[in-house]
Structure formats: C-alpha cells, structure tokens
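Okay, so here's the structure we're looking at.
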Amino acid sequence: MFSGSIVALITPFTPDGEVDYISLKKLVDFHVDAGTDAIVSVGTTGESATLTVEEHVKVVAKTVEFAEGRLPIIAGTGANATHEAVTFSRLLNNTGIAGYLSVTPYYNKPTQEGLFLHYNAIAQETDIPVILYNVPGRTAVDMRPETVARLSEIKNIVALKDATGDLSRVAKHREMCKEGFVLLSGDDATGLEFVKLGGQGVISVTNNIAAADMAKMMHLALDGKFDEAAIINQRLMTLHKNLFIESSPIPVKWAAHKMGLIANGDLRLPLTQLSEPARPIVAQALSEACIY
C-alpha cells in the first residue's frame, strides 16, 4: 500500500482564504489519472500548520471522498504535543484513510526517549497504520535510526518517511528495522537513489505538478530499471531543487496555479506568494522538465 510515487498534496485556497474544494477534487482526479500511488492529505506541503482542526479533518475527509477508493489517502497528523497528535488520530479514525503520517514533534526538541514514547502513544490509539516522519530541517529534532528501529517493532508503525537527505541511513534502517518495515524518501532530489539503495518509494513535492513522470520513474525503479528511471530523474532534477528555492510549498503552489491545476495560488500567512525574482527560475525549471 505504501510504496511507489506518493504525493505530498498541496491544499488549494480561494482568493478569500477558504479551502477550495473544487480545485481539491481536480487535484485528486489529476493524480488518479497520472498513476500516483497514494496521496498525503494535509501534511507539511498541505499547509497543516495554518489549518484549523475542523478544516484539517474536513480536508482529509473530502480527499477520501473525492478519491472514491481509487487510491489510498494518508492523513497528516503531526503535532508537537502528544495529546494533540492523539486527538488528530481519533478525529480522523473513521474517515476512511489508509494511514497516518506523523511528523516528529517540532520546536520543543524532545529526546530520543521522548520521541519513542510520543509515537508509542499514537500507535496505541488506533489500528490504522502509522508512518513516522523525520524532517530535522523543519523540526529541529532528528529521530535516530536506533529509535526508528525500536518503533518499527510496534505492530501498526509500518513505515518511515525520511527527509534527512542522508542516503547512508537507508542501509542503517534496512539493517536495524524489522523485516517488512517500509522506507520512503521525503527528499525529491535524492529519491531515486534512495530507492536504488533499498527504499520503496518517495513522498514527493514534485509529484504535485509532474505526477505522471514521478509515477513512471518510481515504477521503473521498483522494477529495477534504474537506467530508464534515471533519464526521467535527470530531466526533473532542476525542478526537484527549484521547488525549494523558497519555503515549500510556496514554489510548487505557484507552479500548480501557473499550470492550471488549481484556480488560485494563494497561501495562508505567514507563507506568502512566490517572490517576483524567483518566478522565472521556477518557470525555467518547469520548461526544462517538459511539463509546461
């Protein structure tokens, strides 16, 4: 279920700042048609930090509704307070999701034991599969491989999204974690190499606008056809990098609007529109990727 090309989906807004459910449905259909393997709803790229609890739950539920069982939906449920993460899990438990993606607690910098206890508490509240999410560049805490290995022994903790960009960890996680534990890259620029080293897929920002190419690349890689996959990856490499020229999801939301995938490219403060100097840089990356 959790492998291949998984999109970290953007959350579209109307000009007055409300969630744009018409564009959201269009995005879901776009990914179904492109062969995307799963959708992460309301993760970091989906601006989870600026949605209310009610909006968060509704966006996930509507994404499940729009998918109509055509691909699995994974709900972002991270929080820096364990009780809040548990509450999200409870609220989303009956929405039809296939799993939770739970980022490490941010800002308060827990110890490794604190991380273990945090995720253990979440796992005890649900039978739905939990995907760990390690992104120290955003959270200021790094979940070490030893902690991931301990957590992998918990029945419904089934996968890790590793956005460290440290490819040496693939082998460490593969060696230390229980058999069958899924490793997913959270870094587009190194995602293909991650799979080559033993990962099972990528949770991708690039996928928002290059869904068919990302799906084809990941499926080739999982079939062991790395030379063919590398050709696609090389064409997308500038895009992988330039979608982070400003804080994500600022560039990818601008690109999605430019391509007509969403009706409006606005974000919620404190995130702002892509700056004027950055726009031609992202536009050039779209051109080099041959997707617009």
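For all residues, glycine too, the Cβ spot is worked out from N, Cα and C.
According to Swiss-Prot, the features are:
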- Thr44: site 'Part of a proton relay during catalysis' (SITE)
- Thr45, Ile203: pyruvate binding site (BINDING)
- Tyr107: site 'Part of a proton relay during catalysis' (SITE)
- Tyr133: active site, proton donor/acceptor (ACT_SITE)
- Lys161: active site, schiff-base intermediate with substrate (ACT_SITE)
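Known features from Swiss-Prot, placed on the structure.
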| residue | record | DSSP (3 states) |
| --- | --- | --- |
| Thr44 | site 'Part of a proton relay during catalysis' | coil |
| Tyr107 | site 'Part of a proton relay during catalysis' | coil |
| Tyr133 | active site, proton donor/acceptor | strand |
| Lys161 | active site, schiff-base intermediate with substrate | strand |
| Ile203 | pyruvate binding site | strand |
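Of all the recorded positions listed (Tyr107, Tyr133), Tyr133 sits in the most crowded Cβ setting, with the most other Cβ atoms within 10 Å. Counting only same-chain residues at least 6 apart in sequence, those with a Cβ under 8 Å from the Cβ of Thr45 (pyruvate binding site) are Ala8, Leu9, Ile10, Val205, Asn208, Ser248, Pro249, Val252. Counting every protein chain shown, the Cβ of the residue listed as 'active site, schiff-base intermediate with substrate' has 27 other Cβ atoms within 10 Å. Within 10 Å of the C-beta atom of Ile203 (pyruvate binding site) sit 30 other C-beta atoms, taking all shown protein chains into account. Remark: Thr44 (site 'Part of a proton relay during catalysis') has Ala8, Gly76, Val103, Val135, Arg138, Ser248, Pro249 as non-local neighbours, by Cβ distance under 8 Å and separation of at least 6 in sequence.
Using CA atoms as reference points, the recorded positions Tyr107, Tyr133, Ile203 were checked against the residue listed as 'active site, schiff-base intermediate with substrate', and the closest is Tyr133.
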